[in-house]
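Undergrad: Heads up, here are the entries from Swiss-Prot:
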{"type": "BINDING", "residues": "R42", "note": "L-glutamate binding site"}
{"type": "BINDING", "residues": "A76, R77, W103, T154, D174, Q197, N239, T240", "note": "pyridoxal 5'-phosphate binding site"}
{"type": "MOD_RES", "residues": "K198", "note": "N6-(pyridoxal phosphate)lysine"}
Amino acid sequence: MNEVFNFSAGPAMLPKQVLRQVKEELYSWNNMGVSVIEISHRSKEFLQLMQEAKQDMRDLLDITENYEVLFCHGGARAQFSAIPMNLLKTSSERVDYIITGYWAYNAAIEAKKYCDPRIINVVGEKNGLHNIQPISKWDVSENSLYIHYCPNETIDGIAVYETPNFSDKIVVADCSSTLFSGPLNINRFGIIYATAQKNIGISGLTVIIIRKDLLKEPCLVVPSILNYKILADNFSMFNTPVTMSWYVASLIFKWLKKQGGLKEINKRNQEKSALLYDAIDSSNFYYNNISLSNRSYMNIPFFLKNSKLNDLFLKESISFGLHGLKGHKVVGGMRASLYNAMTLEGVKKLIRFMKLFSEKYR
């Protein structure tokens, strides 16, 4: 059978080993004779799964004890509201939103419902290539309570590889597409959040890493389900959690450990993206519009110089066993998402197809 590879930005490809385990355990999990999707979330077996998942997450990311790990329902968009509601004392407090692309901008727009965020655009263009200013040049307010940014924009394919170091501010990061793709200095951040359907498993779950001193009763009115203190006090079980998503995340964490941890995963991710970028740059048929220093290694947009071939490229790529390559409607073109589960073989197959297609229609 022709092996199929899924390059979708999310929900994204899962490791084959994890998919097989889910299939094997779906009808009878943990030798219980019942499925993990029907077991009580307060059973001792599921509570053990939860504790192991949190510990594995701490081990992988080297999360220190002054941080809490929360497993929340829903996607990252919910956190666009939850963050200002949980952190602000009044709606007049100054906050900074660094705009690196589509998702950072959407977070800022949502924050406007609760405060007057200062929007700081750090994206520029030189010689037709988009770039991001170095952090040292970001025009951050002296008196802002927190700074929010997105280190990797999945739609734009642009990334910030520096880690902010603002000791006098709460640094909040939407790491939905990069968390677990490599090591991260957690202690530079106040809050990190990431939706699961990219590198953590399946949709329905968002993980939050929050400094414990920020777990205070909010001053603004916050729905209980978005109240970080309530979630922490109830061990992320204030409501019935998305048990299937928690279960798959727990398998992903075990899989990451078996692969050698995040340094090894990052090495593989760098290798995969380097191969694809090289194929794009050397083709004279495809192109990428991001500067070298800000190219994402998770989400790689590329364009055909003859855009009239776009539909044909997508049609033939599916026949070749390559799915999810259509670019986002905001950007257009193509996009290959190379999350942790994407194999080197999958990237090489994409490159083979791109070469064959270019030779056929050049």
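Glycine is no exception: its Cβ is also placed from the backbone N, Cα and C atoms.
Show me how these features fit into the shown structure, please.
TA: Taking a C-beta cut-off of under 8 Å and a sequence gap of six or more, R42 (L-glutamate binding site) has these contacts in its own chain: M237.
In the three-state DSSP scheme, D174 (pyridoxal 5'-phosphate binding site) is classed as strand.
The secondary structure of K198 (N6-(pyridoxal phosphate)lysine), as reduced to three states from DSSP, is coil rather than helix or strand. Other Cβ atoms within 10 Å of the Cβ of K198 (N6-(pyridoxal phosphate)lysine) number 30 in total over all chains.
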Undergrad: Count the Cβ atoms, other than its own, that fall within 10 Å of the Cβ of N239 (pyridoxal 5'-phosphate binding site), considering every protein chain shown.
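TA: There are 13 such Cβ atoms around N239 (pyridoxal 5'-phosphate binding site).
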Undergrad: Between K198 (N6-(pyridoxal phosphate)lysine) and R77 (pyridoxal 5'-phosphate binding site), what is the CA-CA distance rounded to a whole number of Å?
TA: 15
Undergrad: Which one of the binding-site residues (Q197, T240) has its C-beta surrounded by the most other C-beta atoms within 10 angstroms?
TA: Q197
Undergrad: Quick check: in three-state DSSP terms, what is A76 (pyridoxal 5'-phosphate binding site)?
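TA: Its secondary structure by DSSP: coil.
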